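Per Swiss-Prot, ubiquitin cross-link is recorded for Lys86. Here Swiss-Prot flags Ser2 as N-acetylserine, drawing on experimental evidence. Residues annotated as phosphoserine in Swiss-Prot: Ser2, Ser74. The phosphothreonine annotation in Swiss-Prot covers Thr7, Thr10. What Swiss-Prot lists as hypusine is Lys51, and the listing cites experimental evidence.
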Amino acid sequence: MSDEEHTFETADAGSSATYPMQCSALRKNGFVVIKSRPCKIVDMSTSKTGKHGHAKVHLVAIDIFTGKKLEDLSPSTHNMEVPVVKRNEYQLLDIDDGFLSLMNMDGDTKDDVKAPEGELGDSLQTAFDEGKDLMVTIISAMGEEAAISFKEAARTD
């Protein structure tokens with residue numbers, strides 16, 4: 001055994017931020033990429049095969065980061081990109097300069113997530129100012145991250 005210390009950099013092994021899926025296999029409440037944005041499908045309908053061509057799938061989806069509504073119409077046999085979406089919970093340490101200071105279960109800190117805007121941001125700030133121990137849910141897809149919800153951490157008394 002050697003006494004040398006080894007440090008290993010973590011990497012994503014070159015994995016893609018999306019994967020292909022046939023239109024007909026997409027489902028409501030699933031995720032899809034429309035206009036290069038990761039979206040959650042809120043409504044979908046299929047039109048019958050016409051005289052020329054394939055059955056079409058009409059998708060209505062909401063951008064998971066901006067909340068904007070996007071629509072797409074595509075043949076059911078075509079492939080669409082589906083984003084790899086991850087949800088992680090972090091303990092909130094601080095809110096500083098519009099950014100959240102977070103800690104994961106391993107004790108690693110993360111300071112690059114923007115504080116949410118609007119009602120969620122206001123209620124998060126209020127709960128934090130009241131001294132509550134908070135867990136924040138962060139959703140990440142296609143290189144973007146955002147806080148989508150928070151809850152009071154369970155007490156371990």
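Even glycines carry a Cβ here, placed using N, Cα and C.
Because the structure is a prediction, the values reported are computed rather than measured.
Swiss-Prot feature annotations superimposed on the structure.
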residue: Lys51; record: hypusine; CB count, 10 Å: 4
residue: Ser74; record: phosphoserine; CB count, 10 Å: 17
residue: Lys86; record: ubiquitin cross-link; CB count, 10 Å: 10
Reduced DSSP assignment, Lys51 (hypusine): coil
